[in-house]
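K.L.:
My questions will all concern the structure given below.
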Amino acid sequence: MTDHKASVPAQTEGMEQDPPQVVGVSDSAPPQVVGVSRCDSAPLLWRDQDLRAVRVRGLVGALLGALPRTPRQNGRLGRPLLLLPEEERLLTELHATANANQGGGGVQLSLQVKQHLEEQERNLEEQRVLALQDRKSALLHAMTSHTGSLGPSEALRGRLEALHRSFTFPRGAMAVQLSTARAGLHHCHEDRAFLRAQQPITVQHDFLRAQQPITAQHDSKAAARYQVFRDLRGRGFYLTSAGKFGGDFLVYPGDPLRFHAHFIAVVLSLDSSLSPLDVLAIARLGSNVKKTVLLCSPGGFQYPGGAGGVQYTSLQWSGMV
Amino acid sequence: MADQNKTDTDLKFYNEVLSPSQLFAARSRSHKIPVRGQKDFFPDDSDEQRQRLEQSLNEHWSLISEERVEKLGNLVKATWIPSEKIVELQSPAGKFWQTMGFSAGGKQFLFPEEALYLMECGNVQVFYQELPLSIQDGYEKFLSSSTVRLQEYQVFGHLKRLGYLVHRFHPSSETSSYAKQLNLPQSRDRAGKQLKRKRSASPTATSSHTEAQEESTADRMEEDTCGQEGQEDKKRPESHLTISPETSSTQTTTASPGNKGGVRTWWMEDDVGERSDHQPASAASRWDFSSISFPDLGSSRERLSSCLVSPDPSLLPGALAVGVCDVDPWRTRINLRDVKMSSKEQMREEEKRRHRLDKDIEVRRCSNWAEYRQLMERRQGRRSKGRATHLWDGEVTPLHDPRQPIPTGELLDKISVIKSTHLLEGASRLQASDEWRISFNVYQPDTVADFKKSNPGKPYTRMCVCSFDGPVPDLRAIKQLAFQSGDVLVVFAVVDCGDISFYTFKDFELPTDVFP
């Protein structure tokens, strides 16, 4: 047992009184609309540029799928990107989301199939040409490097002609793309047109009731989480989920790709009581993973504009002072 | 060429479609992922940091935006069947067939989560309405609350990428430990139960015997105990079954002679492998013993009525009608005599008794019955001498008599107040809940070599998928899941928006310090 006592001084960090600012998007670029597709009622982003657009706004999300280059490992995952409910709500409030689930209709099915087959044939032809070129240049390289200089051109031409005649490129050798996003398919023209729309369709989505059972307790918890999320994001922090750390959010000072998280944010309402055991448990956990625990309570004070602020209390182990 | 312009700008804006030259060039792509370097502690607006951030981001985007490119010859073609929620293979399956998928009706199928995983690995191309599905389509179509949920698929994918073999869990196809003890052959149509398969037409029967074989054993027993009265062609239970091989010649489904019409019997020793695919999927693997009555004719208590009622006609084949069974003639045939000891044995018993009394000196000293009685009383008293009467004579007595020898361990058990319990205690009477259910069976990676889909064996663990948003499993849920799982450990896979943590609850016994 170490001999320094665990005192938990309450350090309020509500110093900055500026209202939370909208971050990420510069005024010059038009606000990018991202297509959110719902899978089993979870908000997913599929298109590469949607992921980039969302990152620019400082929203990280979580990658769920297998990485195309190395699908059989869990260290680095690939698309889709799952958005936190708070992230989705933030985007919607900024009018930056559009529903990307298949609208249906549009181009007739038989036409789509015809287009697809035509595309395949074109693909095959072009690849055949490229493959032949590739073989020819390889042969040329081999022949010239072998002799050291431009050897007898007759023999070379003969070999090239023989190659040209006997060359086969079976259909099975053709490389095809397995598209990740639906808009990446040739036959999904209407999806692309849809997403280009400058006027985003605001999703009439009640976030508080998305997946969980409807309880008043849950609603207020979700609302509190959102307020804290918005406030921290407004201050420039990057946030991800922290379930496995026993908290609500992990708070990073910069992009998670380059920085470690500094805080574990735990959202509590101001009038809730916390038993000393719980305080100790969360403080212990924080010190074990070398992060400061941040107890966040929305509604602590009012910003000049009237917006509600968030009260922050950090917990840190300290020795005998 | 307005159309061409439009497609050009489209392609520029949505640059996820690869051109043929890009596809061709993809053959020589690297298959390695760059290693991530050390992170910085605090952003300090330095150029270095900005540069490193840019580099990390570029690396990140190039990996994320890469599209899957495979040779058409390496892809297995498949189609999605939404009505059955499965994927049917159109070209022969590859190496994955060893551990994934199932066959039914001569065709090969994959479950939606398996198909989606293989799509993500670039092994299978799934078509719907003759058009290829993107991974996004796969996620949206295959994952739902009626098939496999997104969170369950996350766990599935995570484990499969680590190399584990993951299969769906079916509570009905798990045999109880009692059934395992009896060594009952198990029904192995795990996939067949999912599909609504048409029953094969039952073979034409030449006699009522062959028809009767299609029934479960219980009904046969019932028929045997009743209905045998006055029917010459019905023989005793044992021979009833032995004559079946001859009459089963008309049946086409059986393979071995021991296989009596394809229905399980109590006496079947040989392996399940004899059974063909034509077995009706409804052969019960769990028998409801509460509805199967085995009348105890040998019971000496005259509680039984003199006749047994006829069985439910729905259980009987065809137009067979069985009347009420009179049990009295059976009872007379049952041997209720005492064990007949040979004369030698009887004499030996007598001698033993006499011996004890004769050898007793004190008994010999008694000259009359009164003295003998006194001796007996004294002996009784001696036994209870030393016992504190105030402790032993009241209503509440000590738990243990200190004069009785007892090992320390047993003594500790005897005087313990809190009895230790194990997880499965009382679990059988818990009702299954909708909230908590086991999703998958997980088998270890090193069993791949000799893994048989038809007989996978005991799984390594079973997975129950939940999330940090939901409640923590209470004791009731844990007990109920442990009971469902039998002797296999249940692991809770808690999904948190991309991360998965695994937790499990094990039985633990406090050690007792006992010196022998």
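Numbers here mean position along the shown chain, with the first residue as 1.
Placed from the backbone N, Cα and C atoms, the Cβ positions cover glycine too.
The active site annotation in TrEMBL covers A:TYR252, A:HIS260, A:LYS291. According to TrEMBL, the feature coiled coil maps to A:107-134. Sequence annotations record features per position, and here TrEMBL assigns domain 'TSEN34 N-terminal' to A:35-96. Annotated domain 'tRNA intron endonuclease catalytic' per TrEMBL: A:224-297, in sequence order.
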K.L.:
Express the distance between the Cα positions of A:TYR252 (active site) and A:HIS260 (active site) as a whole number of Å.
P.N.:
6
K.L.:
At the level of the C-alpha atoms, what whole-angstrom distance separates A:HIS260 (active site) and A:LYS291 (active site)?
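P.N.:
Taking the Cα atoms only, A:HIS260 (active site) lies 9 Å from A:LYS291 (active site).
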K.L.:
Near A:HIS260 (active site), how many other Cβ atoms are within 10 Å of its Cβ?
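P.N.:
Within a 10 Å radius of the Cβ of A:HIS260 (active site) lie 16 other Cβ atoms.
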K.L.:
Are there any residues at least 6 positions away along the chain from A:LYS291 (active site) with a Cβ closer than 8 Å to its Cβ? List them or say none.
P.N.:
A:PHE245, A:LEU250, A:ALA261, A:HIS262, A:PHE263, A:ILE264
K.L.:
Once the DSSP letters are reduced so that anything not helix or strand counts as coil, what is A:HIS260 (active site)?
P.N.:
coil
K.L.:
Taking 10 A as the limit, how many CB atoms besides its own sit near the CB of A:TYR252 (active site)?
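P.N.:
Here the count is 22.
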K.L.:
Going by Cβ pairs closer than 8 Å, show me which of the active-site residues A:TYR252, A:HIS260, A:LYS291 neighbour chain B.
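P.N.:
Qualifying residues, whose Cβ lies under 8 Å from chain B: A:HIS260.
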